[in-house]
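Participant: According to TrEMBL, the feature domain 'HIT' maps to B:5-120. The substrate binding site feature in TrEMBL is assigned to B:Asn31, B:Gln94, B:Gly100, B:Gln101, B:Thr102, B:Val103, B:His109. Positions annotated as motif 'Histidine triad motif' by TrEMBL: B:105-109. As annotated by TrEMBL, site 'Important for induction of apoptosis' applies to B:Tyr125.
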2 protein chains.
Amino acid sequence: MEEPPLYKFGPYKIDAREVFHATPLSYAMVNLRPLLPGFLVINLRILSVCPKRVVKRFADLSSDETSDLWVTAKEVGAKLEQYHKASSITFAIQDGPQAGQTVAHVHIHVIPRKKGDFEKNDEIYDATDVKVKEKEMKEKLDLDVERKDRSMEEMAHEATEYLALF
Amino acid sequence: MEEPPLYKFGPYKIDAREVFHATPLSYAMVNLRPLLPGFLVINLRILSVCPKRVVKRFADLSSDETSDLWVTAKEVGAKLEQYHKASSITFAIQDGPQAGQTVAHVHIHVIPRKKGDFEKNDEIYDATDVKVKEKEMKEKLDLDVERKDRSMEEMAHEATEYLALF
């Protein structure tokens with residue numbers, strides 16, 4: 001029997017059921033926590049596109065990896081924008097800890113956007129970051145049950161919907 | 001006499017003195033407004049990397065343009081991070097109006113980041129967007145003289161510093 005492909009995200013092993021698209025150098029996956037709590041979110045998803053090779057900083061990628069990563073992110077963005085009936089996309093790399101990177105593996109956040117998705121459009125960026133002031137974090141952790149990780153079943157279900165787009 | 005190269009940014013003509021790096025398909029420039037007011041900013045700069053061809057959405061770029069754009073942004077990020085003695089970089093594309101895009105020309109924001117640059121690291125994203133709630137905008141416009149565009153001399157001075165890095 002063929003082994004399922006192995007994807008790594010920093011120190012973590014990624015279950016192949018979370019991955020909905022892959023190229024020779026990159027892969028795209030659904031997220032464990034679709035968005036951080038504390039924000040008005042209507043049907044929004046964060047997807048991640050990563051190089052297969054585990055590297056921390058964007059500058060560590062070869063030109064081939066850089067090109068493959070972003071051509072892949074472009075395609076993922078276009079398909080997911082259409083699928084979610086959105087009209088724009090936020091693409092972002094938090095490249096290094098002082099930019100909010102929490103897993104030491106380059107990844108592009110791809111977020112389909114639509115009118116009214118956040119009370120204030122710009123807050124989408126805040127929501128993608130894990131580093132918030134300690135007090136705020138504590139309040140959120142205390143108050144918001146949604147912070148819990150999603151189950152593999154939930155993630156696999158979302159990934160299966162996207163698989164059909166590629 | 002040779003004509004200086006012409007750079008367009010959406011409907012705007014960009015003075016060649018603002019441009020500090022160019023490849024066959026992309027160019028990098030300093031920004032008219034380094035950051036929006038209303039945030040605690042210590043020595044931070046936003047640079048923009050754009051395709052030379054005027055296209056609105058990221059998905060409008062060819063694979064060659066996509067690759068050239070991001071290989072260029074990677075190089076610009078690495079050099080500017082070092083120049084500004086930073087330790088991380090925020091890369092972001094606001095791809096479409098619902099993601100905060102205000103000029104209909106694909107551009108990557110490249111923002112060298114360092115510890116303590118914002119009270120809350122994530123607010124950097126807020127600061128890159130022009131769309132804020134109307135009331136907030138009015139307050140900022142009323143209160144903050146820094147909102148004024150920079151002069152060409154100021155921009156050209158910054159670009160000249162960066163030119164030497166390439």
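Backbone N, Cα and C atoms are what each Cβ position is placed from, and that goes for glycine too.
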Participant: Starting from the Cβ of B:Val103 (substrate binding site), draw a 10 Å sphere and report how many other Cβ atoms land inside it.
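Facilitator: Counting Cβ neighbours of B:Val103 (substrate binding site) within 10 Å gives 15.
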Participant: Name the binding-site residues, out of B:Gly100, B:Gln101, B:His109, that lie close to chain A, meaning a Cβ-Cβ distance under 8 Å, keeping sequence order and answering 'none' if none do.
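Facilitator: Listed binding-site residues meeting the cut-off: B:Gly100, B:Gln101.
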Participant: Across the motif 'Histidine triad motif' (B:105-109), what is the average pLDDT of the model, as a whole number?
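Facilitator: Taking every residue in the motif 'Histidine triad motif' (B:105-109) and averaging pLDDT yields 96.
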Participant: Count, for each of the binding-site residues B:Asn31, B:Gln101, the other C-beta atoms lying within 10 angstroms of its own C-beta, and report the residue with the smallest count.
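Facilitator: Checked B:Asn31, B:Gln101; of these binding-site residues, fewest Cβ neighbours within 10 Å: B:Asn31.
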Participant: Run through the Cβ atoms and count how many others sit within 10 Å of the one on B:Gly100 (substrate binding site).
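Facilitator: Result for B:Gly100 (substrate binding site): 24 neighbouring Cβ atoms inside 10 Å.
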Participant: Would you count the other CB atoms within 10 A of the CB of B:Thr102 (substrate binding site), including those on all shown protein chains?
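Facilitator: Cβ-Cβ neighbours of B:Thr102 (substrate binding site) within 10 Å number 10.
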Participant: Tell me, by DSSP, whether B:Gln94 (substrate binding site) is helix, strand or coil?
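Facilitator: It is in a strand.
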Participant: Count the Cβ atoms, other than its own, that fall within 10 Å of the Cβ of B:His109 (substrate binding site), considering every protein chain shown.
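Facilitator: That number is 21.
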Participant: Count up the helix, strand and coil residues in the domain 'HIT' (B:5-120) according to DSSP, in that order.
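Facilitator: Tallying H, G and I as helix, E and B as strand, the rest coil: 30 helix, 34 strand, 52 coil.
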Participant: Would you work out the biggest C-alpha to C-alpha distance among B:Asn31, B:Gln94, B:Gly100, B:Gln101, B:Thr102, B:Val103, B:His109, the residues that bind substrate according to the record, and give it in angstrom as a whole number?
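Facilitator: Taking every pair of listed residues, the largest Cα separation comes to 16 Å.
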